[in-house]
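Undergrad: Shown below is the structure under consideration.
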Amino acid sequence: MAGGVVVNNGGGKDYPGKLTMFVLFACIVAATGGLIFGYDIGISGGVTSMNPFLIKFFPSVYRKEQAAEKNQSNQYCKFDSPLLTMFTSSLYLAALVASFFASTVTRVAGRKWSMFGGGVTFLVGAALNGAAKNVLMLILGRVLLGVGVGFANQSVPLYLSEMAPARLRGMLNIGFQLMITIGILCANLINYGTAKIKGGWGWRVSLALAAVPAAIIAVGALFLPDTPNSLIDRGHTDAAKRMLRRVRGTDDIEEEYNDLVAASEESKLVAHPWRNILQRRYRPQLTMAIAIPLFQQLTGINVIMFYAPVLFKTLGFADDASLMSAVITGLVNVFATFVSIVTVDRLGRRKLFLQGGTQMLACQIVVGSLIGAKFGFSGVADIPKAYAAFVVLFICAYVAGFAWSWGPLGWLVPSEIFPLEIRSAGQSINVSVNMLFTFIIAQAFLPMLCRFKFILFFFFGAWVVIMTLFVAFFLPETKNVPIEEMVLVWKSHWYWGRFIRDEDVHVGADVEMPAAGNRNGKVDPAKLAN
């Protein structure tokens, strides 16, 4: 690759091109893969708060709930059931396993076919859940939903990061998280409506309607173009060049094309990406692929979102009121995500992480204190509606803090930091860790709520402190940096630079590496530009 590196304010090459309608349409369609994940997060908590659903599949939980309401017994423990938590969390265990297979499909067949497979599998799972006659049928449907989520979550963030121009990658990639939040909101609204259906079969409608977002991504994937990166990696170089011209809206694509080809040639030297990802030079990316999804789940957000109706019911809301409160948090989630879309490529990833972490910590402390002051350790109390509404207000503020920080960035940053040779393997690790800890926390939340009481909110708050400090010291800024040049960011970081040798950097023939020591990990334009 000839020529030096011309660096813009974000620290990477500014390739010619613009945001074309073709790219915008492709990214919107691909981002709908987030709908299936979001819909499931929202729908599962809603149906588990519907009495007809509990009576049919989890009668012991229903009896415990009724006894708690009549006898003023411990509100913290009335939903504690291993079978109920297995219903919710089985999806995430299936998604964890599926993501490893999705890595191979995504690399060999292309990103779009991985999305298509995820949509079709999710569609079958939705049909099975809607027609469920027993718990086994219900959980089998959840497993198929999980396979669909594993494939979609593995392929969609990669697709968005590869299609988007570097300077707009954050905005377009966050479309995935936006679709997750829209899916959650739609599920909350549907639950609110189906709970009113007479005859007690509204839960079937809620579960079966998961087929709608599944059909959207399955059909939409058929019309999506492959990314230039994927085409080059699979040997279709002429098609890749034509596609790159189309997605960038210019004929001046030679420099970017040559960089993509060089990255692909480098990747083909790696015969075993799963083994190579353990090499010292990939230590920074591997650490982030594990730490970021781990921390994302330890914010406690999925606990709030898919147990929101159950949580609000525990706080004393009636059935309809608890579902409406979940709708309110869903609305906050959607609108706050737009804040991230607008600011992520201007303010950068680090600032949003740090601000969101501070906001979530404050809200966790307030919510835990309010619940503790009223319920104490006994879990027995009547909460006035005004008091409960005050709790919901701070939960909404917490959701907003997550929605413009750890929510979208937890998917964006891991998808943009891996070089092509280990990108699919790296994204699989990211998704697998995310699903593993979603499963663990979903499985553990109701028992933990029963045993830790209001202290549980302080538990998650402590993790928010840890993850915010981790970002402050160890996450470099990656805005505006082309994916193929991300190694420069790690090489220039005060800590991660020690893991990367000069010979591990293959960006340009005339690149002069900056000295490690920049805490933010930003590449100094004065040192990199010729």
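Any Cβ shown, glycine's included, is placed from N, Cα and C.
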Undergrad: Please verify against Swiss-Prot: do Ser44 and Lys453 share a side of the membrane?
TA: yes
Undergrad: Honestly, do the transmembrane segment (82-102) and the transmembrane segment (19-39) touch, with at least three Cβ pairs under 8 Å and pairs 6 or more apart in sequence?
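TA: Contact criterion not met.
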Undergrad: Among 120-140, 170-190, 454-474, which stretch has the highest count of C-beta pairs below 8 Å with the transmembrane segment (19-39)?
TA: 170-190
Undergrad: Select the range from 143-163, 324-344, 429-449, 454-474 that forms the most Cβ-Cβ pairs under 8 Å with the transmembrane segment (170-190).
TA: 324-344
Undergrad: DSSP helix, strand and coil counts for the topological domain 'Cytoplasmic' (410-428)?
TA: 16 helix, 0 strand, 3 coil
Undergrad: With Cβ distances under 8 Å as the criterion, find the stretch in 205-225, 324-344, 429-449, 454-474 that has the most pairs with the transmembrane segment (143-163).
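TA: Counting Cβ pairs under 8 Å, the winner is 429-449.
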